[in-house]
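Asker: Per TrEMBL, the features are:
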- 5-61: domain 'P-type ATPase N-terminal' (DOMAIN)
- 55-73: transmembrane segment (TRANSMEM)
- 255-278: transmembrane segment (TRANSMEM)
- 298-323: transmembrane segment (TRANSMEM)
- Asp371, Thr373, Asp778, Asp782: Mg(2+) binding site (BINDING)
- Asp371: active site, 4-aspartylphosphate intermediate (ACT_SITE)
- Asp371, Lys372, Thr373, Glu473, Phe514, Lys537, Arg571, Thr651, Gly652, Asp653, Arg752, Lys758, Asn781, Asp782: ATP binding site (BINDING)
- 804-1057: domain 'P-type ATPase C-terminal' (DOMAIN)
- 839-862: transmembrane segment (TRANSMEM)
- 868-888: transmembrane segment (TRANSMEM)
- 917-937: transmembrane segment (TRANSMEM)
- 957-975: transmembrane segment (TRANSMEM)
- 987-1010: transmembrane segment (TRANSMEM)
- 1030-1052: transmembrane segment (TRANSMEM)
- 1086-1114: region 'Disordered' (REGION)
- 1150-1167: compositional bias 'Basic residues' (COMPBIAS)
- 1150-1175: region 'Disordered' (REGION)
Amino acid sequence: EFNLSFRYATNAIKTSKYNVFTFLPLNLFEQFQRIANAYFLVLLVLQVIPQISSLSWFTTVVPLILVLSVTAAKDAIDDINRHRSDNRVNNRKVQVLIDRKLCSETWMNVQVGDIIKLENNQFVTADLLLLSSSEPLNLVYVETAELDGETNLKVRQALPVTGELGEDIEKLADFNGEVRCEPPNNRLDRFTGTLTFAGQKYSLDNEKILLRGCTLRNTEWCFGLVLFAGPETKLMQNCGRSTFKRTSIDRLMNILVLCIFGFLAFMCFVLAIGNYIWETNEGSGFTVFLPREDGVSAGFSTFLTFWSYIIILNTVVPISLYVSVEIIRLGNSFYIDWDRKMYHANSDTPAEARTTTLNEELGQIKYVFSDKTGTLTQNIMVFNKCSINGKSYGYVGDDQRPEIFKSKNAVDFSFNPLADPRFVFHDHSLVEAVKLESPEVHTFFRLLALCHTVMAEEKTEGELSYQAQSPDEGALVTAARNFGFVFRSRTPDSISIVEMGNQLSYELLAILDFNNVRKRMSVIVRSPEGKLSLYCKGADTLIYEKLHPSCSKLMDLTTEHLNEFAGEGLRTLALAYKDLDAEYFDQWKRRHHEASTSLDDREGQLDLLYEEIEKDLLLLGATAIEDKLQDGVPQTIEQLAKADIKVWVLTGDKQETAENIGYSCNLLREEMTEVFVISGHSVDEVHQELRLLSKTLFSYRSRGAEAAEDEAVSGDYGLVINGHSLAYALEHSMELDFLRTACLCKAVICCRVTPLQKAQVVELVKKYKRAVTLAIGDGANDVSMIKAAHIGVGISGQEGMQAVLSSDYSFAQFRFLQRLLLVHGRWSYLRMCKFLRYFFYKNFTFTFVHFWFAFFCGFSAQTVYDEWFITLYNLMYTALPVLGMGLFDQDVSSSWSFQYPQLYVPGQRNLYFSKRAFFKCALHSCYSSLLLFFIPYAALQDTVRDDGKDVADYQSFALLTQTCLMFAVSIQLGLEMSYWTAVNTFFVLGSLAMYFAVTFTLYSNGMFLILPAAFPFLGTGRNSLSQPSVWLTVLLTSILCVLPVVTYRFLLTQLCPSINDKVEEPLKEASGFSGRSNEVTERMSLSGDVQGEAGQSHAPTSFAAPSHPPHQLPPLRIRLLTRAGLRRLGDVGSIPAAPGCATPLRLRQHGSRHHGLQPHGTVRRVQPHGAAPER
């Protein structure tokens, strides 16, 4: 009753939008908010006004109703599914404590303040405060896959004071506490609140809360108090709408549609003026047999004519355009989902297009922002090296010889019965140091066994398995386990470990949590002897700031080892500890309790306390963990670089680690001119480094190049910048200088960056560069970057599914990115651009014929075509052929897309569809419409049939014009298509056949007898299309329409060939060869597939990145020795050796900068005050 007074939300959820009564009005209201639909609704209103419309209402109603019906049906199906899902969830059963007994209730009837009982494998009903459980110490295990995609179990624990309630129904019924907590929000990782019970106040945090959407695992039962219900739960708070992403083509289309509306108004204004002039000068002569209606003057006639032509010329923006675009996008999304070459068999993970609106944007990517760990690397961690008390241990195994791990040189851990048999280490001296009971070594591994959040599970005696929230922690705890410090189990108040065979229990007094700002974690424990200790591990830069001055010498030695580890690409952590005074700790613990029960700025107060106690630490050493590259990463990055896609790696690792990985994955290359490093520790230092770097880069500028251009420097440069320097570089005063400098480099690596900085870098490039960005990552720390980019790609790896859940596209391996961009992205962009160019061409041509006809019909708004042809032109006659092109067309195969990554460049430069391409299309339509009107007009003037009867009537002219139009646009479509399939052919020929079948049907006697007013073209088809002169006119018009296009393309190919022309020419030549030549061509294509599917098999040949501009192919002369003799293929670019040829391919590249020996690239560290660079 007390809770009811606050009117908290009920536990019923509603994700549906409509019901039976609201569906029609709400759905129509939403659809008419789209400009195109509203525009056609206005046209329909105009068409029902007799004084304005010369077209029947069905010419607009039929297309509009069809589009509205298809969209409404899709929305209705989606909403019905949402209703079913809501009903299924709301009617789940749960046990609720009512009137001192457990009753079964539906979820929708659960209220805030109810105490409910959950059993194993049940979903959590609402956001609950855990009261008690069946497990020791009131622990429960939950799976949060529904919330964040992570499948590893997490532990929650009830307060001891509520845990005493157990499953005693009477005690639970008498529970009378008060919870004060934060308002409803979407933060899954944080909860702030207090429980007041029996006069005491207790702190509540995320560890004591069960969130709706979790699943109870390995726990027989638990009781919880409902805190938030229904729409106020964190799960539902996270169901808000994500930011809607639009492609650059969408944005351009919006501008073009507005321009088309303006042009439509201009044409109607010109024709209205023409009507006024005609009515004034000529119209009076017709009033004898065409008397004007009362009150209709020349001026009023002009006004009516304007609106009449608005109706007639409305086809410049056809409503079917938007439907066709969505169908094409949906089809191209299915291609990604169905692509077997992007399926990862080991993890059973296919590629997934999680959105259908961004496919063509994949063909225009200029910048790729990538995480490192788990994205470029496997995120499978192996403990390989460490530094303890200034001595380095361990070495990295030979990657090329995996059998070394089975050799006799591996350390024998048989002395430890609890060792993990899968763990391999090769340095025997570390085991000897452990056996000799070196105090520093023992403390080192004791820290690894105590300072973590790993959960241990021991199903049988000695069979331990660890569940870690990160692979790093799992690797470190496993290492400690093998060296004799075995983490066995934990409770909220203690950690049990086995130290060299002795079972010990440490009292866990405090956990100082890791976060992306602190970048470290600490625990405070009391040993069995009563000694208080703080153990800390974290990023070396932050640990070093907390060390006691006495550690300076050891710090220098450890730093050398850290740099050595990082140089080998290993992930490093520093370890430190301190002993605590009991009196001081008691006083600190009291303040910690006060801060943890505060509702105001709890996190800030706790951070200050953590900073206070984490100081004057004693350095122990450092760990080094190996994280190997994924298959195919170097080849993928090399391919992207050849496609002029710039890759920026944003990682939280050390600078040396990131640099090493950069070289390993071909992001940084030895032949680069220079690699610059920015590592300033203040605003002034970073500013000076940026200025010095800019001067250096611009001294290499190409002559005549503008400073703002990305390709303005000669040579390849790399840039590495630290997180603290990046923080200053992203300040408003320096962000442009940083961006300008970074964009001149071929590769950029940002180290030690936070998730927020990742998003800021992406936003900076989006803000100032006219380029499409893509962000790719695999963890929760990449979500902000993925959401910030134009396109977000999630990798389903070892860090859960949060990145995938926030992404637009997802797959399992980084190497699939090249297929997503170079094949699917480029094809989608090419298809969409061809579709739009052709769609506008056919509709402009169709509409402009009306414009020319106006000058010959007294500007009377008479239509040049039959009304049924106007209605069916976009819906039936020309819909399927253009859809076929948008779904199936491709200029080159997938293997040749990998073979020539330079083909990707036109998409980055918007060459296939832009304002310029649109206006060229409009001019082409204007030319075609002139021919389509005046040639039939001249052909029928003063013409008779072969039997002497007159054929020069309006209906015959209309039929001839629309037939010429159908053939002209069909032939133009054939010229546009590069890849003919059986489906395309059927669509084109079937549409022409459909046109004639429908035309003869509509012009038949039967249709006229049924509705004489609706089918006035009685017998026109039979009378006109039986005349040879009509078909000669169709042939002449069609030839003249396409002749300039063919001529222009021929001259363009010969005089100014594009990248596609350079690639397609040798392909066409090669396809004409016979015998052995065909086999060679086939093998070349197959080897391209091998190169494209990097990582699945070895690339046949490795070539250095071309020194020529990305939009030009290198002038290679290639000769094939075949049975047909010595044949020249021409300038076709880099082609791998074709296996099986009698004589290998010989390649000679002209203009390459690699002549003989070349010096290695240098790494320059930019230093302020003119200091000499290190080399």
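Cβ from N, Cα, C; glycine included.
I would like each feature placed in context: is it buried or exposed, what are its neighbours, and how far apart are things?
Answerer: Mapped onto DSSP helix, strand and coil, the domain 'P-type ATPase N-terminal' (5-61) counts 28 helix, 0 strand, 29 coil.
Within its own chain, the transmembrane segment (255-278) is flanked in space by residues 35-36, 39, 298-299, 301-303, 305-307, 309-310, 313-314, 316-317, 851, 854-855, 858-860, 915, 918, which lie at least six positions past its ends and keep a Cβ under 8 Å from the stretch.
For the transmembrane segment (298-323), the residues of the chain that approach it from at least six positions outside its boundaries are 34, 36-37, 39-40, 43, 46-47, 49, 51-55, 60, 63-64, 67, 70, 257, 260-261, 263-265, 267-269, 271-273, 275-276, 279-280, 283, 292, 839, 843-844, 846-847, 850-851, 854, 859-861, 863, 870, 873-875, 879, judged by C-beta separation under 8 angstroms.
Around Asp371 (Mg(2+) binding site), taking its Cβ as the centre, 30 other Cβ atoms fall within 10 Å, counting all chains.
Cβ neighbour count for Phe514 (ATP binding site) (all protein chains, 10 Å cutoff from its Cβ): 19.
For the domain 'P-type ATPase C-terminal' (804-1057), the predicted model reports an average pLDDT of 90.
Same-chain neighbours of the transmembrane segment (868-888): 55, 58-59, 62-63, 66, 315, 318-320, 324, 327-328, 331-332, 831-832, 834-835, 838-839, 842-843, 846, 958, 962, 966, 969-970, 973, 976-977, 979, 981, 983-984, 987-988, 990-991, 994-995, 998-999, 1002, 1015, counting only residues six or more beyond its ends whose CB sits under 8 Å from a CB of the stretch.
Long-range contacts of the transmembrane segment (917-937) within the same chain: residues 256, 833, 837, 840-841, 844-849, 851-853, 856, 864, 911, 957, 960-961, 964-965, 968, 972, 1033, 1036-1037, 1040-1041, 1044-1045, each at least 6 residues beyond the stretch ends and with a Cβ under 8 Å from a Cβ of the stretch.
Within the chain carrying the transmembrane segment (987-1010), a Cβ under 8 angstroms from the stretch's Cβ atoms is held by residues 866, 868-869, 872, 876-881, 883-884, 959, 963, 966-967, 970, 973-974, 1016-1022, all 6 or more beyond its ends.
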Asker: Could you pull out which residues elsewhere in the chain have a CB under 8 Å from any CB of the transmembrane segment (1030-1052), counting only those six or more residues past its ends?
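Answerer: Cβ under 8 Å, 6 or more out: 924, 927-928, 931-932, 935-936, 939-940, 960, 963-964, 967-968, 971-972, 975, 1024, 1058, 1061.
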Asker: Compare the Cα of Asp371 (Mg(2+) binding site) against each of the binding-site residues Phe514, Gly652, Arg752 and report the nearest.
Answerer: Gly652
Asker: Say you check the Cα of Gly652 (ATP binding site) against those of the binding-site residues Thr373, Asp778, Asp782; which is nearest?
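Answerer: Checking each of Thr373, Asp778, Asp782 against Gly652 (ATP binding site), the shortest Cα distance is to Thr373.
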Asker: Which residues of the chain, 6 or more past the ends of the transmembrane segment (839-862), have a CB below 8 A from one of its CBs?
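Answerer: Same-chain contacts beyond the ends: 54, 267, 271-272, 274-275, 278, 282-283, 305, 308-309, 311-313, 315-316, 318, 321, 324, 873-874, 878, 882, 918, 921-922, 924-926, 928-930, 932-934, 937, 961, 965, 968-969, 972-973.
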Asker: Spatially, and counting Cα to Cα, which of the binding-site residues is closest to Asp782 (Mg(2+) binding site)? Options: Phe514, Arg571, Arg752.
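Answerer: Minimum Cα distance from Asp782 (Mg(2+) binding site) across Phe514, Arg571, Arg752 lands on Arg752.
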Asker: I need to check the long-range neighbours of the transmembrane segment (957-975): which residues 6 or more away from its ends have a CB within less than 8 Å of a CB in the stretch?
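Answerer: Cβ under 8 Å, 6 or more out: 838, 841-842, 845-846, 849, 864-866, 869, 877-878, 881-882, 885, 928, 931-933, 935-937, 939-940, 988, 991-992, 995, 999, 1003, 1017, 1020-1021, 1024-1025, 1030, 1033-1034, 1037-1038, 1041-1042, 1045-1046, 1049.
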Asker: Provide the number of Cβ atoms within 10 Å of the Cβ of Thr373 (Mg(2+) binding site), excluding the reference atom itself.
Answerer: 27
Asker: At a 10 Å cut-off from the C-beta of Arg752 (ATP binding site), count the other C-beta atoms across all protein chains.
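Answerer: Other Cβ atoms found within 10 Å: 22.
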Asker: Compute the C-alpha separation of Phe514 (ATP binding site) from Thr373 (Mg(2+) binding site), stating it in Å without decimals.
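Answerer: So the alpha carbons of Phe514 (ATP binding site) and Thr373 (Mg(2+) binding site) sit roughly 18 Å from each other.
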